[in-house]
Each structure stands twice: as C-alpha cells, then as structure tokens.
Amino acid sequence: MKNEKIVVLYGGDSPEREVSLKSGKAVLDSLISQGYDAVGVDASGKELVAKLLELKPDKCFVALHGEDGENGRVSALLEMLEIKHTSSSMKSSVITMDKMISKEILMHYRMPTPMAKFLTDKLVAEDEISFPVAVKPSSGGSSIATFKVKSIQELKHAYEEASKYGEVMIEQWVTGKEITVAIVNDEVYSSVWIEPQNEFYDYESKYSGKSIYHSPSGLCEQKELEVRQLAKKAYDLLGCSGHARVDFIYDDRGNFYIMEINSSPGMTDNSLSPKSAAAEGVDFDSFVKRIIEQAQ
C-alpha cells in the first residue's frame, strides 16, 4: 500500500558499497515517482538501529549487497524489529552468502552444481589439481576477487587475492553460456543470457557497460522451462524469500549448472534482475512495486 512508510537500505560498508548506492538510488527514485512514502538510509556505520527506530518504517527495501545485506545480520535486525523486508530470512541469507554451504545443500538434493572445496595453503602447494578451475571467496558477490586459474602459478596469486576477503573456495570450471533467472516469491521471471566483456562475467564485465545481454535468453521452450524449474527449486531448497536471483552455466551438451543464489541482487540500470523481469514485459517501476508489495 502506498500509504505505508518505506525505507530503502543501501550503501553499507562492504566492498560492494558503490554498487549498493546505485541500486538504492534507482529503487528510491522509482518508489518516490510512483507515489510511495519512501526515504533512503545509508547503512554505513553503527547508527542503523537508531535510524530505524526513529523512522519506524512499515517495510524495508533491502538494496544492500555483499556482507552487509546478505549475511543475515540485516534480516535478523529487521525481523527483531518486526519490519517487513524484501530479502530472505536470516537463516536463508546466512546459507546463500556462503557458497560452500549452499553447494553442500544443493549437492545433497542432487541438484546440478560444479564440484568445489575450500582452498588452503596446503592445497595450493599440491600439483594434483586439474586446471582450469575457478577460485573465489566463499562469501562475497559481484565476482570480486574471482579468477579463472589455468596453472599452479596463477593459483597462488588467485589464492592470495581471494583470501583477503575470507575463506577461499576452488571450483570445477564449467564452460558455457552464463544464464540467470530472477525470482520474487512465487514469480519466476525470464532467463537472461550474458555475453561478458571478458572471458567470464567478472567485476569489470558486470559494471563496465560493455557486456551484451540477451533477454529473453533465446533458450528453446523446453530448456526455458527447465532452467526456471531448477531456479525455483534451488530458491526453495535454500529457504529463500522475496527477491533473489539464481545464476547458471549452460554447457554445449545442454546441461545447466547452478553457480550461486544471490539473496540481494543488484537493482541498477545494468543489473540482471530488472532485465529478467523486462523480458516478461515488466518494466523497472512495476518490478520494484512487485518486490515491495510482496515484502514479508
């Protein structure tokens, strides 16, 4: 309802702060243009609780990315204050933030996802790894410190960089098309095919504006149905709610591999979730409205 007070949470202190600021501004501008009583709050620093208690919002649109918005702390705070919000629960956010935990759950339920394990100093010193592999922080987003590694020499450098952001995982490299699907509760949107500027969809490819996006993705009807069903099943298995996005690799044999689930996807002009919705005929303002109206 438009007479409800809405706070858009953005910014924060994670490495994805700048992206979050852009997402938050886009969402806030959209809400205000549609007549909502909305204000933005930068979640940086230690004043968030005080700000929320002062503003007393009915709902929060969570446009935080990385640790600040996706590790469960903000969800826990909002749930404690009994404020409806657009992201997943604390428990689900903790799970989806940690790519290894997510993978273990998906593999337990025989969902298609590349094999992975934690990367340690000892493993870096071994030469039994079958290259190429992906090396990335176990927790994090926007493909920050994510590398395609083709040799033991590259592995050492990738490990050093990724370990700056916490525990590091090494993952089987799967070659194929990068596909993503946005979900808002029971609404599963069209798949989007990303042709990255670089060899894979890394940080530069995501935010340079030079990657090519196909929405809809061009999958045949059968494969489109399959990827949507896989996305929704992964979303449900990890206990997601509200707005989330599921990323895949689609190989040349027609197999989909679930790469990760993002519980607080970007909402910038260049972000994938709005493209997924647009392929269904849902423009940005309508998409924002659907997300906030379904806040839980």
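Backbone N, Cα and C atoms are what each Cβ position is placed from, and that goes for glycine too.
What you are looking at is a predicted structure, and each value in this text was computed from that prediction instead of being measured.
Taken from Swiss-Prot, the feature domain 'ATP-grasp' covers 103-293.
What Swiss-Prot records for 129-180 is ATP binding site. Annotation note: ILE129 (ATP binding site) sits in a coil segment as assigned by DSSP. Of all the Cβ atoms in the protein chains shown, 15 others lie within 10 Å of the Cβ of ILE129 (ATP binding site).
The annotation Mg(2+) 1 binding site is assigned in Swiss-Prot to ASP247, GLU260. Taking the Cβ of GLU260 (Mg(2+) 1 binding site) as reference, residues of its chain lying under 8 Å away and at least six apart in sequence are, in sequence order, THR96, LYS99, SER102, VAL246, ASP247.
Among the features that Swiss-Prot reports, Mg(2+) 2 binding site is placed at GLU260, ASN262.
Residue pair LYS150 (ATP binding site) / ASN262 (Mg(2+) 2 binding site) shows a Cα separation of 27 Å. Across the fold, the C-alpha of HIS157 (ATP binding site) and the C-alpha of ASN262 (Mg(2+) 2 binding site) stand 26 Å from each other. Within the same chain, residues at least 6 positions away in sequence whose Cβ sits under 8 Å from that of GLU171 (ATP binding site) are PRO114, MET115, ALA116, VAL133, ALA134, VAL135, LYS136. Summarising the environment of ASN262 (Mg(2+) 2 binding site), the number of other Cβ atoms within 10 Å of its Cβ, over all protein chains shown, is 23.
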